[in-house]
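If you check TrEMBL, you get these features:
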type	residues	note
SIGNAL	1-23	signal peptide
TRANSMEM	63-84	transmembrane segment
TRANSMEM	154-177	transmembrane segment
TRANSMEM	189-208	transmembrane segment
TRANSMEM	220-240	transmembrane segment
DOMAIN	372-472	domain 'Calx-beta'
DOMAIN	498-597	domain 'Calx-beta'
REGION	605-632	region 'Disordered'
TRANSMEM	808-828	transmembrane segment
TRANSMEM	840-860	transmembrane segment
TRANSMEM	881-903	transmembrane segment
Amino acid sequence: MDYRTKPILLGLLAITVVSLADAHVNTTSTAVGNCSSEASPCKEGIILPMWKPQGNLSRGDKIARATVYMVVLIYLFLGVSIIADRFMAAIEVITSKEKDIIVKRKDGTTQVVSVRIWNETVSNLTLMALGSSAPEILLSIIEVCGNNFDAGELGPGTIVGSAAFNLFIIIAICVLVVPKNEVRRIKHLRVFFITATWSIFAYLWLYFILSVNSYGVVDIWEAVLTFIFFPITVLTAYIADKKLLVYKFLSKKYAPGGRNITVPSDGKHDVELADGKVNPLTEEMIAHGGDQTDVQEFEEHKQDFVSILRELKKKHPNMDHKTLNEMAEYEVLNKGPKSRAFYRMQATRTLTGGGNVIKKAKLEKIADMIEEKPEIQHDDNCTRIFFQPSQYTVMENVGSFTVTVTREGGNLGQVCLVDYFTENGTATAGEDYIATSGTLKFLPYEKHKQFEVTVLDDDVFEEDEHFYIHLKNPRLQKANESYSSLANEVTLSQPSMATVMIIDDDHPGIFHFETSEMTVNENVGEAQVKVVRSSGARGTVKIPYFATDGKAKRGLDYELVGDHVIFENDQTEQFIKVRIIDDEEYEKSENFLLYLGEPILLKTSKGKKRREDEDEAKAAPDIDDVPDSGKPRLGDCNAISIHIKESQEFKSTVDKLMKKANVSNMVSTSSWREQFLEAVTVSSEQPGDENDLEEDIEAEEKLPSCLDYIMHFLTLFWKLIFACVPPTDYCGGWACFYVSVIGIGFLTAIIGDVASSFGCTIGLKDSITAISFVALGTSVPDTFASKVAAVNDRYADSSIGNVTGSNAVNVFLGIGIAWTIAAIYHASHGNKFYVNPGDLAMSVTVFCVMALLAIAIMMLRRLPVVGGELGGPTKLKYATAVVMIIFWLNYLVISSLVTYCYIPGF
């Protein structure tokens, strides 16, 4: 059954149940003490007038009116969900703002760490809780203000009833929906204990001020203190989250993960490496005044992105880079950690035919992830002449070789001329090469010209030498004036000088590395380390090599391919192959040393070979007569330090994902035009987290179903009305925040009138209407939001961890503000603020008992037999869900029996 039909079916089922209850109430008259079983009297609403006539209505009239009220109530709940969607989008934008912290490392380098300005715990207990509980809180405040500052039953009853529904039914659903053989644990367990304690204390406090301290009277100090408990709740939760005060002295436990992987342990999201040391970045951050938790969260999220990329690359080794990055970004956005505000919006938009919040169409391409160097721009009207290539390395016995000159651009149909000449370097004309000069003529459409240079050979050993070849005097050949007038400019372009290196071939050579240090990316696959042969190139020489570990370990980070290289006669360079093992670490910095062994002359240029039965370290007798000065030897640079760095492509991808993996970018709006287009557009339920990622990327967008169209057109009125709310990009989201609160308050006032009229029509008291229908209606979006969070999140915080915090906030804000206003008003008129404690006190007591049992059960589920608050073995899942549902039913039944005088209240 599609969950979008559940609210309608629940409404129809409720009408039937209430009709039966009404028949029972009409035929039963019971009194316990001063209790009365009479239904709440029908009265004028705060906004809506009373539906007249009220007396002498037939059963058919009552059912008809009840049906109308129920339909209107459901429609109003949909409207509240849609405006709350805008409200949540504003909260997501506000709380997701980040700041950059510059971390200075011990080596002097810096690292920029992006952390959220809003602490997660503070945002969950303030704006997030206010967003999910705004209807209940505003209903309580509006009811008091609309009833001439007298206490009502609908507002407080909705708060307590919503708390019961959230704690029992939401937990039951979340326990069941977790996939088979999986569990979800609460990550911030300390915060959960604090908020759970406050949530139970909040209702015990209500009982104390209503039934113990001053029966049925709420004094100003009691009401004000109720409100003050709200910031105290936030403060204590923040202290628990940051491990301040007493928490600083508690021992810390870490759970080691894989190699250099940061892993949280039992809700203690402390970052630690596999060797038992805290992440160096975290240590440096703390040393420079940073916040440990912020850096730990940054590191943890970064490792999440790294893990996603690793898994995708292993699963699709041959996939092109662009598609792989698109899939990685989609998975980061789709499966990454999200706030409760996001899940609330996801539930509302899917319910109303708006599709998933995250859509493939909104994912930006990541083709620009690797920044390309800007190409040098040239004037196409100018002909450019230059050497190509500009470096030549030749053997002394090469004789003659050709040098190439190229022209580009301009009018290739014209004839160009350019002069060239040689210049001495360490090589001398007449001794090492033959000086040459001349003029090159480019015929029409001829792009390349060549000329020869001759190198002189001798039998004298000497160092490698070089000389230069220059271009000068580029010009056009002017055949006639008319042709010349159409000719374009011609100029020399870089490189206009070529360097010729002459390698002496009269000595076996000196062997060495080009540099003493080399940096390679970990994803290079196979690195080639260049070995150079200089000052001679005669004979075949074997060069052994070996490596010693530094921070990089052989077999884990690198492997040598072979143990020697061989230089053939006249060969001046060779490459040592090193296989780099890619474990895709972020900010990897490891090194090892590569050494050259003593050269071994295998064969001279005259063809003498080493005897194979001799030890390789000794020279064969037939070449033992080679003097020491004529043997190959190592140069000064015979060792190289190879640094393995993280792949710049991989690091760039992770950095870009971390910047773009902000859900607020998906839910924010920048203009009213965008909001109205979104309002009139019906979307299907896009492939989501439950489908395979490849199918999500490759599948075409599904056409909206019939139910999508029905829900869209049913809610189109609300969508168009609330598209007028300021976009979230205005004033940092605060403009949308305040306007949305006004919209929620207006709809809540109407809901209070309709709910009260509904209750009096079918014979229900406002208190029972509040804890059942109104509480159910305001909690449906949160229910489905928690369901999605339970399935997709690794932890249970977004699904059930925030329930206790929201319950405490409901009381401290909803009842605290309302009763403070009323108490001050009555005190200013010399009166006392009276609140009937009977029904509410009993309801609070029953809820507290059931809540303690429910929390105890959730903590017992953390034992190894289950392993977490949600999920686990199938039998235990169903057993937990059944117990939670029984708790909720018991709460409703006992509260109803007290209200209708079957059992006495307090």
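Think of each number as a place in line: the chain as shown, counted from 1.
Keep in mind that glycine also has a Cβ here, set from the backbone N, Cα and C atoms.
For the transmembrane segment (220-240), the neighbouring stretch richest in Cβ pairs under 8 Å, chosen from 63-84, 154-177, 808-828, is 808-828.
Away from its own ends, the transmembrane segment (840-860) comes close to residues 153, 156-157, 160-161, 163-164, 167-168, 171, 196, 199-200, 203-204, 206-207, 210-211, 767, 771, 800, 804, 866, 869, 880, 883-884, 887-888, 890-891, 894-895, 898, 905-906 of its chain (Cβ-Cβ under 8 Å, at least six residues beyond either end).
The average pLDDT computed for the domain 'Calx-beta' (372-472) is 81. Counted with DSSP, the domain 'Calx-beta' (498-597) comes out as 0 helix, 58 strand, 42 coil. Here the listed stretches are 63-84, 154-177, 881-903, and the one with the most C-beta pairs under 8 angstroms to the transmembrane segment (808-828) is 154-177.
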